[in-house]
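For 46-115, the entry in Swiss-Prot reads domain 'BON 1'. Under the heading domain 'BON 2', Swiss-Prot lists 124-191. The N-palmitoyl cysteine annotation in Swiss-Prot covers CYS19 and is backed by sequence analysis. Residues or ranges marked as S-diacylglycerol cysteine by Swiss-Prot: CYS19. The signal peptide annotation in Swiss-Prot covers 1-18 and rests on sequence analysis.
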Amino acid sequence: MKALSPIAVLISALLLQGCVAAAVVGTAAVGTKAATDPRSVGTQVDDGTLEVRVNSALSKDEQIKKEARINVTAYQGKVLLVGQSPNAELSARAKQIAMGVDGANEVYNEIRQGQPIGLGEASNDTWITTKVRSQLLTSDLVKSSNVKVTTENGEVFLMGLVTEREAKAAADIASRVSGVKRVTTAFTFIK
């Protein structure tokens, strides 16, 4: 049997330390997000489960699966559908499917008619979301942890638990970010 060289042992130990550090940092980040989110942990879990259930229900429809690109976001039981479909009928069917999922209290259908966007536009959307979140984070007018940001084809969608004043400020901040074509809000208002 061949023994491991001291260098192999050292490299293995360093790699394992990196894995442990990544796991600890990742767990801390998730814990911090859960702690600062205004929703209860139970509601956060319910929303995550709702997203999975809606995605699963949509993926069972062969035409939607083949012809449309739909992303699902859930917040406080409200479901936001964004993406592209070739026609209004398919978009309406996606909304009906989402409404039939247990736990979906309300469905916002923001699916646009057209061809699904490509990887380049999807990457740009991720960058826009990052810029919007950064601007919200530095704002004194909005508690950024109360706002969920989704971007699709340059359109920014905002959801969350906010005051009316925070909602206006968040929409204004998002609208000023370069690359944003439009801002749509679906907030739940708190007093």
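From the backbone N, Cα and C atoms, a Cβ is placed for every residue, glycine too.
What you see is a predicted model, and the numbers here were worked out from it, not measured in a lab.
Taking DSSP states H, G and I as helix and E and B as strand, the domain 'BON 1' (46-115) has 32 helix, 23 strand, 15 coil. Helix, strand and coil counts under DSSP for the domain 'BON 2' (124-191) come to 29 helix, 22 strand, 17 coil.
Taken together, the residues of the domain 'BON 1' (46-115) have an average pLDDT of 98.
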